Protein chains: 2
Amino acid sequence: MKVKLASSYGFCFGVKRAIEIAEKYENSATMGPLIHNQNEIDRLKNDYNVGLYNNLTDVKPNDTVIIRTHGIPKNDLKDLRKKDAKVINATCPFVTTPQQIVKKMSAEKYSILIFGDEDHPEVKGVKSYGEDQDDVHVVLDIDELKNINFKYDKIATVAQTTKKKETYLEIVNNLILKNKEVRVFNTICDATFENQDAARELSKEVDVMVVIGGKNSSNTKQLHSICVENCIDSYLIENAKELDSTWFKNKHLCGITAGASTPDWIIQQVVNEIEKY
Amino acid sequence: MKVKLASSYGFCFGVKRAIEIAEKYENSATMGPLIHNQNEIDRLKNDYNVGLYNNLTDVKPNDTVIIRTHGIPKNDLKDLRKKDAKVINATCPFVTTPQQIVKKMSAEKYSILIFGDEDHPEVKGVKSYGEDQDDVHVVLDIDELKNINFKYDKIATVAQTTKKKETYLEIVNNLILKNKEVRVFNTICDATFENQDAARELSKEVDVMVVIGGKNSSNTKQLHSICVENCIDSYLIENAKELDSTWFKNKHLCGITAGASTPDWIIQQVVNEIEKY
């Protein structure tokens, strides 16, 4: 089987930075999973003894605690800083930006709309920076907009960094038609754009497509959904073990892309395996 | 011929208000045509002796000068106020809004984009309120955006009150994808929306459509362009004299709409005439 990699794929700036930070702090622990990739988290545990805390109560005195790329809610950070632990912030700077925008806009009396997944740690963190939590709204699509009552007719909006720009524009357009002022912050990150554009192009020219990434990773799921639009035989896997030889029967060219949290060593294993078919 | 009027058409709030102001000031003069309707301007001249000045130099001491609904450039207003004349401002409040937004946003160091027609008096007026005239840009569509170099990556945008919202959204979407922050002010006025929506609906159910309004009126031209999309036999006329009986041959139902500057008395004359066919 012939394999072609997307012109842009895999680790983004924020993930690379967070892993470099984690590798620097052996015997530390991350507050929530550092990135959305279990294999890489296992590697950090095995090679650097970087542990994982899921609750603030897990934190012990003199611990070194690393804040995950997606950030954590404002009050959790406040509580964490009160503990007798060393706090290392590996929040992606592109996530810190919407946090600060929500804080500022909400202080300036704008109603806040976040385009994203309410349950995603990044969104929980960004949302927590709103002054008036009753006027910070989270939607995934224009349908969900219908149920929202904004306090003001001035809306400020940010997007989860890994969301699809097309859906963000749909939501924004709807807001513009119904409100006096809409302050649109384009917080979808370039790396996501680039990986998405490259996946779109590649999925048009191949007859089977493999997307490698965490199944709970928002940006990986987006990549998969983009690929399916152009290549019905698009599969989402976390690592080479999940490959199925039947996918490649009677196929000629396999396209490969990977989410922003997928390390190169996993991608290489998948490529090697597919080339054997 | 059976005639059906659009559910919303004709005079908007700003035009009604300007005409009421002009009727109150007999023997005054307007600075530029008060509204975009020559027939109504003739009526004001005949019934109230309201004249027309085209240049500031026309203004004589003790004149009463009425500022047109579309507003005038900031410096013209300043010069006018210096003259020994009484100045009555009939600028539509919905036009004053984008003027003030451009003034404020440009002071806050946003690059300014105006969606509108560079040569339209309203746009000339709105543009004049920008602090840095080299960073106030006017476009009619997304193609024109390509040639623009904004000074900042923070853009504030307003629209000529009578423009099509769909085109505004296209332009705004393009800006959002390329800039960090886009502050969108929806300055297209409701009356325009309502007349446009009603024209769209009506033009779908009739087999001939007549749009009444000034041929240099932006909102009338928009109405006509919307009607043509649904009803190829859509005609733009200024008054009943321009009607042509051949338009109605083998037709059953004629839809009627009128621009925001078209007085009811002209619409009634057109309806009466068509009903005779």
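Each Cβ is built from the backbone N, Cα and C atoms, and glycine gets one as well.
Source: prediction; values computed, not measured.
According to TrEMBL, B:His36, B:His70, B:Ser217, B:Ser218, B:Asn219, B:Ser261 bind dimethylallyl diphosphate; the candidate from B:His120, B:His137 that the record adds to this site is B:His120. Residue pair B:Asn219 (dimethylallyl diphosphate binding site) / B:Thr161 ((2E)-4-hydroxy-3-methylbut-2-enyl diphosphate binding site) shows a Cα separation of 9 Å. Using Cα positions, the member of the binding-site residues B:His36, B:Thr161, B:Ser217, B:Ser261 nearest to B:Cys92 ([4Fe-4S] cluster binding site) is identified as B:Thr161.
In sequence order, B:Gly213, B:Gly214, B:Asn216, B:Ser217, B:Ser218, B:Thr220, B:Gly259, B:Ser261 make up the list of same-chain residues 6 or more apart from B:His36 (dimethylallyl diphosphate binding site) whose Cβ falls under 8 Å from its Cβ.
Same-chain residues with CB within 8 A of the center of the B:His36, B:His70, B:His120, B:Thr161, B:Ser217, B:Ser218, B:Asn219, B:Ser261 CB atoms, the (2E)-4-hydroxy-3-methylbut-2-enyl diphosphate site residues themselves not counted, are B:Ile35, B:Thr69, B:Glu122, B:Thr162, B:Gly214, B:Thr220, B:Gly259, B:Ala260. Put simply, of the recorded positions B:His70, B:His120, B:Glu122, B:Thr161, the one whose Cα is nearest the Cα of B:Cys189 ([4Fe-4S] cluster binding site) is B:Thr161. Long-range Cβ proximity for B:Cys12 ([4Fe-4S] cluster binding site), meaning a same-chain Cβ under 8 A and a gap of 6 or more residues, is found for B:Cys92, B:Cys189, B:Ala191, B:Thr192, B:Asn195, B:Ala260.
Spatially close to B:His70 (dimethylallyl diphosphate binding site) yet at least six residues away along the chain are B:Gly32, B:Thr91, B:Cys92, B:Val95, B:His120, B:Pro121, B:Glu122, B:Gly125, judged by Cβ distances under 8 angstroms.
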